[in-house]
Structure formats: structure tokens, C-alpha cells
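This is the feature table in Swiss-Prot:
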BINDING   Cys61, Cys63, Cys76, Cys79  Zn(2+) binding site
BINDING   Asp450, Asp452, Asp454  Mg(2+) binding site
COMPBIAS  1207-1220  compositional bias 'Basic and acidic residues'
REGION    1197-1220  region 'Disordered'
Amino acid sequence: MAIDVNKFESMQIALASPDKIRSWSYGEVKKPETINYRTLKPEKDGLFDERIFGPTKDYECACGKYKRIRYKGIVCDRCGVEVTSSKVRRERMGHIELAAPVTHIWYFKGIPSRMGLVLDMSPRSLEEIIYFASYVVIEPGDAPVEKKQMMTEREYRQLKKEYGAGFKAGMGAEAIKELLANVDLATEADELKRELQEATGQKRVRAVRRLDIIEAFLQSDNKPEWMVMEVIPVIPPDLRPMVQLEGGRFATSDLNDLYRRVINRNNRLKRLLDLNAPGIIVQNEKRMLQEAVDALIDNGRRGRPVAGPGNRPLKSLSHMLKGKQGRFRQNLLGKRVDYSGRSVIDVGPFLKMNQMGLPVPMAIELFRPFIMKELTTRKLAGNVKSAKRKIDKADGDVMDVLEDVIKEHPVLLNRAPTLHRLGIQAFEPVLVSGKAMRLHPLVTEAYNADFDGDQMAIHVPLSDEAQAEARLLMLAAGHILAPKDGKPIVAPSQDMVIGNYYLTTEEAGREGEGMIFSSVDEARIAFASKVVHYHTRVGIQTSSFPSEKPFTDEQRSKIMITSVGKLFFNEILPSDFPYINEPSEDNFKRVDDSFFIDAGENIHDYLADTSIVNPFKKGFLSDIIAEVYKRYKVTETSLLLDRMKDLGYDKSTESGLTVSMTDVLELEEKPAILEDAHSQVATVTKQFRRGLITDSERYQRVTEIWTKAKDIIQDKLIESFEPTNPIFMMQDSGARGNISNFVQLAGMRGLMAGPGGKIIELPVTANFREGLTVMEMFISTHGARKGMSDTALKTANSGYLTRRLVDVAQDVIVREFDNDSDRGVAVQAIMDGTSVVEPLYDRILGRYAMKSVFDPETDEKIVSRNEMIDEDVAKKIVNAGIKEVTIRSVFTSTTEHGVSVLDYGRNLASGEEVEVGEAVGTVAAQSIGEPGTQLTMRNFHTGGVAGGNDITQGLPRVQEIVEARIPKGRAEISEVTGTITVIEENPADRTKSVTIEGETDTRTYTLPLTTRMRFGEGDEIKRGEAINEGPIDPKELLAVTDTLTTESYMLTEIQKVYRLQGIEVSDKHIEVMIRQMLRKIRVMDPGQTDLLPGTLMDIADFKRANEPALFEGLVPATARPVLLGITKAALETNSFLSAASFQETTRVLTDAAIRGKNDPLVGLKENVIIGKIIPAGTGMAEYRKIKSKVVGDVIAQPESESEEASDIPKLDDVAKTFDN
């Protein structure tokens, strides 16, 4: 029966009772046969039996008496097969009735052993019983033995002989089943609760664990004896297919072999029991049956795995679920889809921001059904068949139709690896020749694509809703800002940058300098007549500009000094945007007065006195885009980008810039600088030989000398570059390369790192223009190799980090507008010593204020409570000298399974307030994970400085923080607030002890002797502050201080890593991740509630569990916050589907089944797995309950049932603007 997934609220998993398994089944599989080798038809009662599993051919019974759909539902009287669709072979199950009960390996072998906990027996003893090595007492009767006591065969016989009837012992799964059935769960639970009040140490831990499992059985209606199976389900045959290969051989799923072994052994056991065979033989057969079932469920979990041909272990049912190739990750979370294709990409400079070039053959294939429909509608083909034939023959009509079919039908382009959401964007297809897809040059940065052979995948959204979402939400022209920091991600690069740089360069003394034009058109005529050059500095009458250009009245009466190139550059900007004359932020308000002269003033004198204005570099072009986006939003910005791209390509071509050997200048001072360095090194070596300095000091000084020499050469080199040198222009404009590349070309390569990461003190004095000696070349190879292998490792590590981050935060969605939280977070600039890591401006921009902020001088209110801090407000706050602002934060959000709009603030990708339904958790994970590949892999070594520990940085440091591991070189933290009274050094055992006297108690800490202190004697220290240098362990910090302090510390530490590498990631993304690590608490004392001590639970669940106790005036439970690493936090989620698809699949499912867990389907992953629309964005329930409302005779706009309907964006006609 088909289930409509969109109708159900939650999904439960539980243990299956034997009757349940029989009720699923359509018949018992009695024989190990699969198919007949001659007829290739399924054997009767075998693993592929058509009577049990349904017909192999659609609507046809096995013997062929009934064929066609009109007999649907009839069971054939000859062969007993029901006439129905062959699809039922994917859903109908069978079963095997076992001759002896068998334990389920998941519940016996998992850690902790669930059976062992219920029975209070060790897994070792269980194994002996199950595999027939020992007997266990079931009923002692009068015998002098305990229940559940183990005994050998000899002891058993002895007791049986003596005590006969009352005494009962057994072995194998039967004995276990009887013991489990005899457990009185309620009594056992009461006893354990009593025991918990006295027990301590290991005993207590064991009792808590047992109570946990027993309570789980009590609450879930599962019976412990169901962990032992009498019946085994047989999964549908089409899920374990058998296919014929060429040459008559068969390939079969491993499961068929495993089922065959079970059936063979089961049938043999039945026969032996019928024959009344000797006990030892029956026992052996039962053990073999147990092992066969173990192998079927989880091959290799116990003992050696059962191997198939070629000694390859067979894949059991558990393996079908596990890992990247398992059911969860391969088929449920990521499926292959139709209407998709992939091809090599090539640059398409002729495209608009919202277009991509689609090769004709791909277009025909992807839009085939659409073309067929259109051909038949237009009567160009009589029916679908002839339309198909026309397409195959590439008829002329097809091309005419194709143009119209793809018009306004957006497609999605994706490039792997998809590190952030901009890895999939929508475009309107434009037909191109050839076989390569054409990509707009400006979106390459978001995709991290280049055109050296990269391939991309294309997908066609089919339904109207999908097309609407692609157009309104995913069109590439709308993705101007990066979600990680709100800065433009589509900025011109390479050719486009150098073209605009060349265009806006000024040069003194160019032809036509000092001419004054009455309008831009006049300047254009002069340029076309070669009277002036782009670089010529000229004057222009300000009054000739349109009235909407922001000039003051005074400026309009004067003449503005600019360059011809800048006049042309400004034409691409919106008409009311300020004239950009210099690369400065102030120019965004209007042009500075210093660029104007009165009519009649001598322009040549002015030009002689003023210096050249810098050309526009890459960073400034980015600033222009950001400013235009802020003022005019998406449409205007994407049009500007296209104009800037075309202008850049045009002018870089015109400039004729090339790079040649002659542009790499030789530095005349180089030999003298090297000579000087050599003599300094000689002096240092002499000092070492005389024993005046140690070897490590000598090494340090030598490396310092060479580093300094390289720096001098670098400075001299920059001085010697002409501004017109193409290599200098390329670097200065930000088009390609940086200064160190050019120092290696023309200066010296400098010191290289050896294989161990230590710097080799012999420098490479040559540069690439002179060429390296063999020795220098060899020294250089170490670094190059390390670089290559580091990059490969980094990519894998970074990808895995992103996966864990996504998993822990995937259910964080903006769920409401406000949650009335009364707590905020006070933020200041993040400092590292004296340097600013992240300024206050960055931290408060786009957030909501928790408290009103007043100007300390004038007492004027700058921003009110719950008001957004935008750029202007943030500037005011910083300029007023305010150092700390309390903002609404994700840390203090009280929204369950997500955050509220006010806690999160601005959506960085749009620059607007975030909308309800935004999947901020996934965006946060991608924003932290995506730059992961740019972080370094190495730990920095402080070059032999005494007491300087190696500091972990880059990717390893981020992992250390988010996995809540004990950091390397951990600092001790003070557990009290007080004064440091004594610091006592103890050279004998190389330690020093620090005594801190607090108000109530005194603490002493022992530290290594070499450690660097952060405080001296007599200094005040606060609780939770580090005594010595080094990273703090966040778990210790949480124990000593509160959640918020710990969260803020972790945020600061992660920001330090990213900002030091020049990567900007917004605080709010990191806040989302850290909050997920701290959303659990551990129950310390259950009070008078039903909670169990030691239980790990969500804060919201804990509050709910405490409510009844508080209302009735009973003692509530107490708990303390727990910091979980992201892997652990992802596995501890309330959704078993999400956890099982992440890691440790069998463990998660075992636990969920025993507890009878219910998955509330609140996150994204669990909904993707069951194929339900995800509850984020347009899939949110609120946005899906839209009804038409009738007003009079006309149907008005659809209206949502919920309060938050106002947050639904109006579908403004984004697309139309691009067609203009």
C-alpha cells in the first residue's frame, strides 16, 4: 500500500515481536533454492518464490494461465501466484520459522550489551551460553546454586541427577529467552532505584546503565524476550536481486548466500530433531544456526566473517545500511536524478548574469518531453511516437521548438565539491554550439571553478513550484553576497580587474593633458580622434552631469579634474550614484572638494601641484559593488556587474598588456646585499666556534639574517618597479599574483622548509630569472612536495569537518519572529594581546540590540532595544567611543529546535532581516566549513624560544575546539576569584606552584617550570581565567564558570584562527554551531521527578519534565550543562534517522529500537530520508497552508493562516528586469 509521506507527523522504530514478523510475511521460505538452472524460473518455496513474493512479470502468473491487467488480483488456481504488478517484489516479505530460537547479534554484541544489562550478566558469560559452551541455571529448585549461575556439562549432569525435577538449567538462545521472559522489569527498576541512593563509583555507573535500559523497555512496550528471535524476516527479492551475466553465469547479492546458509542449517536441524539425534549433534547444529543468523544480520561482528568466492567477506544486512555506500548515504540522502547531465565548462563572456550557455545536444536530451509536447501541440508531429522520431533524426522543426521550450525555463548548475549553498545556482539557458556548457565569468568564484577542464552538472526543475523557486530564490543574479560574511562574492577578477585598473590609471604628461570638456560626449570624440588617452588628466564641466548625480551646488558651478578613463568608467554606474574619482570610502558620499577648480583657474598649475590619484584595484571594485547592492539591491547590481565585466574585458584587450622576460628587472643592489648577509653569517659562525653562543642561537640568528636580507631585496624591488610595468600592474591591481611571487622571479627565493618542517639555514639566493643551481633546486623540492600532500590532506579533513558541522546543526531553522528572551550577550572587539582580531563594528553589524545604547557624551539614544544595528548605527556606536554593546544572540535564544529572527539578525546573503524558515544551521555549517580548505594544516613552531610551546593553529585548532578535545599545551585555569599570593619555583622536579587566595578558600596549582605566566605575584585573578599562556580546555571552563562564558571563549578562539588567516566568518554562524554543542544537560539529582540520574537530555525537555513537579510543589530535578563535541552532539540528536545516517548506524538503530524511539521529523535530514518536503524555506508548514480568499467576485491574493504570513516575500518580478 502506498503511504503519503507528507501526511504523517512522526516515525517510530521498535523491536519486532515474532507475531509481527509473521504478519509482515506473505509466506514461509522453506528451501534454499533460488531459481531453476534450466528454466530460470523461481523455485517453489525458495528464496525467489513467486507465490510468496509476487510475479516476476507484470500481471502474469507463473504458469501463464492468466495474463494482462484485467485479471488483476486473481490468484491462479494452477500455480498459486497472484496476478499483480511485479513491483510488489520490492515490498513483499517472507519469513523463516526457526527450529530453535536465536539471539539477535545487535542486542547481544553491541556496546554496552543490551541483553547483558537486562540480565545483569557479563557479555562473556552470555557468549558462553549462547554458543553452547556452558549451562546457565534457569530455576535452581532445591539445588545449592544461584539463578543465572554458570556451570559446566559435568556439574549440570551431577545436579540434574541429584535434584531432578525442580532444578532447571539450559544453554543456547533458548535459555537466554527464558531468562529474559522471566525478568520482572518493574520490580527490577524499583530495586535499582533503591540501590542508586547508596551506590557509588563503578557500581553506581552500572546501576544507572541498567536502570536506563530497563526503563526503556518499560516505557516502550517492547518485551526483552523479543531480542531472541523465533522467526526471521526475509527481505523482498528485488532488494537482493540475482541477475544473469553474459556467458550464462549469475551474479547474486551476498544476502542470498547468507539466507541460504540459514535455511540449510535450519532444515538440517529440523531433520535432526525429528530423528531424535544425540544431544551433542543437535547442540552443534543449533550453534551453527546461531552463527548463520549472526552472519546474516551483521557479518564479521563476532569471529571471522563468512567469506564468499575469492575470500571476500559477504555483505550482511548491517553493511547494507552502513557507511558512504550504505542505504542511508547512498540512496536516501543522495539519489541520482533524471533530467540531469554533466559536461565540461567553458567561459561565456557574452552571457548576462542570469544566463548559462547550454549545448544543443544536451538541451535536446534534457528537454526531450517538453519538445515532444510542443511538437504535438503545434501539429508538427502527429503523435508522441512521430515526435520522438523527429527528435532522433534532429529534424529542423526540433530546433525551432527548442528555442521556445527553453525560454524562461531556468536550470540548476552544480559544481562538486558543493562547499556552500552557492555551489548550486539557477540560470536561464541560452543555446550554444559545441559540447561545453558556458558559464558566466563572474560566478566562477562562488563555484570555485576555472576553465582548465572542470566539469559541472546540470539539473532541470520540472514542476511549476520548482521553476518558481529556481527563478525567485536561486537565480545567480541574486547571489551577490557570500552568506559567510556578507561581502560580495561576485567581484571582477583577473582580466576584468586589470582592464578597469588600466582604464582608471592616471599618468602625468599624457597627450591632451589639461583639456577641459563641456561633456562626456565631447571627451569621447576627443578620445576617438586620438587627441587624449585614457590616462590623460582633464577637466570637465560638472554642470554637464545629469541633475541626479550627487554634487553640491558649489561643485556644479566648477570644473572637476578627473581622467578620461574615469569618465568612461563612471558611465557604467547608476545615474544617481556619486561620481567615483578616487578609491576612497568618502567618495561614496560625493566627490571631495579638492578635485574642483573655478572656471578660469589655470588647470595646468593645479595638475602640477597635485599628485597622481591611484587607479581602482580589485578591492575597491568590490567595495563599489557592495555599495551599489546596499543602495539599489539585486537587479541594479547584477546589471552593473555585467557592465563592469564587459568594460574590463574590453579595456584589458585594448591595453595590450603582456608579460615577458624583459619585464622582470634585475636588481643592481642584490649582490651587495647578499655579500653583506654572507659576512654576517660568517661572524655568527665564528662566535659559535668560539663557544660564545649555542647551536640553537646560531641557527636562529642565521635564519634571521637571511629573512632580513630577503625583506631588504623585496623593498628595493618594489621601489624599482615602474608603475607601467605589466608585472607590477598585474600584482598591484589584484588581478593575479602577489608580491612574494615577484620577489621569487626577480629577487631571491630565500629560506626553504625541510622535510620535517624545520627551516633549512642554507638559503636559495638565486631567483627564477637567473635560474637555480642543482643544490638550490633540490632544497626547493621539499617544500613543493609537502605543499602538494598538505593540500590533499587538507581537502579531505576540511570536507569531513563540514559534514560533521552540517549534521550537528541541520535542524536549526528560524522558527519564529521573537521568543521574548530576556538575556543578551555583551560583545566587545576580539583582541589577541594588543592586536584587534575582530573589531566591534563587525560584531554588532546586522544584529539586534538587547538594551538601548546611548551616546556617553550627549546621552542621545543611538539605538533602541530590539532594533537592528545597521551600518550607520554601527558607525555611530563605534565613533561615540562605546566599547561594549549588549546584543540579542543565538547563545541566549530560547527557541526550541532553532532560533528567532531577532536572535539571528540580518541574513548576510541578502543584507535584509532573516526570514522565518531560513535554514540557518546548514548555512552556518557551510560558512565555517567552506573556508576550511584555506586554513593551514600545520602547527607553528616558535623558533626555539625558551618556554614557547608549539601552538596549534589552522584546521587542527578548529577541530580541537568543535570536538571539545583537551587542547595541546593546555593552560591551567583558576577555580576561584582572588589574589596570587605565592609563585614558588621548584627546580628539582622542574615545576612551579602558584597559590591563589580567594575569599573563601585557597587553591594551589602545579605548572611546568618553563611555562609562561599571564599573572605575577600580587595580581588579581578572576575565576575561569588562565594562569599561564595557552589554550583553555572549554570543558574545564564550563565546570568553573557558566555556559555563556564558555560559549564566548570558544567563539573568540575560532574567530582568532579564521581571522589570522585573513578569512572573515560572521560571529552568528559560529554561535549557531557552539549553541548546538551546549544544548544538552546531564541530570544530577532527579528530585521527585521521573527522570533518571545521569540522563543526557535537551534543555527544553528537561524544563518540561520539571514543570509538573514545580506545579505540585515537589522537589524539581537538578542538572548541569554538558559540552559535547560536534560528532557526539550529532549522534545525541532526538532524531534517530539523522543520527543513524551520520555515523555508527548499527549502534544508533539498536538503541532507538529498544527505546521505541519516535522521530518527530523536525530537522532537514530525516525529512529528506523519508522523502517528505523539508520543513525549511518554502517547505515550512506555515507557508504551505495558503488558501485562496474570495472577496466579492474576484479571487484576491492567497493568504496564509499563520501570524507570520507577513514574512513571506512577495514574488516581485525579478526575472523581467533581466530581459530589459
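Each Cβ is built from the backbone N, Cα and C atoms, and glycine gets one as well.
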Let me make sure I understand the structure: which of the binding-site residues listed (Cys61, Cys63, Cys76, Cys79) has the fewest other Cβ atoms within 10 A of its Cβ?
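Fewest other Cβ atoms within 10 Å, among the binding-site residues Cys61, Cys63, Cys76, Cys79, is found for Cys63.
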Taking Cα atoms as reference points, which of the binding-site residues Asp450, Asp452, Asp454 is nearest to Cys63 (Zn(2+) binding site)?
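With Cα distances computed to Cys63 (Zn(2+) binding site), the winner among Asp450, Asp452, Asp454 is Asp454.
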What is the set of residues, excluding Asp450, Asp452, Asp454, whose C-beta falls within 8 angstroms of the centroid of the C-beta atoms at the Mg(2+) site?
Ile345, Ala449, Phe451, Gly453
Using DSSP and three states only, what is Cys63 (Zn(2+) binding site)?
coil
I'd like to confirm something. Which of the binding-site residues, Asp450, Asp452, Asp454, has a Cα closest to the Cα of Cys79 (Zn(2+) binding site)?
Asp454
Work through the binding-site residues one by one (Asp450, Asp452, Asp454) and name whichever has its CA nearest to the CA of Cys76 (Zn(2+) binding site).
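Comparing Cα positions, the candidate nearest Cys76 (Zn(2+) binding site) turns out to be Asp454.
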Quick one: Cα separation, Asp454 (Mg(2+) binding site) versus Cys61 (Zn(2+) binding site), in Å?
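On Cα coordinates alone, these residues lie 51 Å apart.
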Applying the rule Cβ within 8 Å of the centroid of the Cβ atoms of Cys61, Cys63, Cys76, Cys79, what extra residues of the same chain belong around the Zn(2+) site?
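What remains near the Cβ centre is Ala62, Gly64, Lys65, Tyr66, Asp77, Arg78, Gly80, Val81.
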In whole Å, how far is Cys61 (Zn(2+) binding site) from Asp452 (Mg(2+) binding site) when you measure between their Cα atoms?
56
Check the binding-site residues Asp450, Asp452, Asp454 for other C-beta atoms within 10 angstroms of each C-beta and report the one with the most.
Asp454
If you run the three-state DSSP split on Asp452 (Mg(2+) binding site), which class comes out?
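DSSP call for Asp452 (Mg(2+) binding site): coil, neither helix nor strand.
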Three states by DSSP: which one describes Cys76 (Zn(2+) binding site)?
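Its secondary structure by DSSP: coil.
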May I ask for the distance between Cys61 (Zn(2+) binding site) and Asp450 (Mg(2+) binding site), taken between their Cα atoms and rounded to an integer number of Å?
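Rounded to a whole number, the Cα-Cα distance is 57 Å.
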